[in-house]
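Heads up, the thing below is written out as structure tokens.
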Amino acid sequence: MKAAVVVFPGSNCDRDCKTAIERSTGATVDMVWHAETALPKGLDLIVLPGGFSYGDYLRCGAMAAQSPVMREVAAAADRGVAVVGICNGFQVLCETQILPGALLRNAGLKYVCKFVDLDIVNGQTRFTAGYGGRREATMTVGNGEGNYFADEATLDRLEGDGQVVFRYRQNPNGSARAIAGIVNAKGNVLGVMPHPDRAFEPELGSADGAILFQSALASA
């Protein structure tokens, strides 16, 4: 199994993601700089990590979305490669329109960093099948712009098509319909605000994030 973690200027969870994937799955993980115009061959998983790409200038993820490597990520997603955008990575996926919607300033106008309990809304995706029918997971959030927004028609479509994957039990940031994570229509791209990379071993307070990475690679 082979994965890649994309590194933008300002990413600060890239090494966390690499460690989480390696320890959770045993996969080989390549680090890919944002200026690259090609991805490594034979990838089963691409991760866009959390952080503050380009210092969050303009909008969170807006400048990273224009990076050369994102053209390759979009092409890989079109081919069916699994892609996970975590926190800032979710923002980048929305800015590239690989995923619908946008991430706005938290409703409370404060940075939120804490454990959150999540409902697994769709346990049949390639990212959640490994939870084995479980309906809940615990991970951590760490964001100031984690407030997911989309128009009502888009939200209805996401709900109706099973694209809402995770939902907050106690909404920490004002996200529409308490949405914490969604997939694209093909089901191979996941955007999630909570950090599975900070919840992959019991010593971290939860190992539920490990299951997400294991599921993503098990379906490759």
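Note that Cβ sites are derived from N, Cα and C of the backbone, with glycine treated the same way.
Summarising the annotation, TrEMBL assigns active site, nucleophile to Cys87. The active site annotation in TrEMBL covers His195.
Taking a C-beta cut-off of under 8 angstroms and a sequence separation of 6 or more, Cys87 (active site, nucleophile) has the following same-chain neighbours: Cys13, Pro49, Gly50, Gly51, Val141, Gly142, Asn143, Gly146, Val192, Met193, Pro194, His195.
The local packing around His195 (active site), expressed as other Cβ atoms within 10 Å of its Cβ over all shown chains, amounts to 25.
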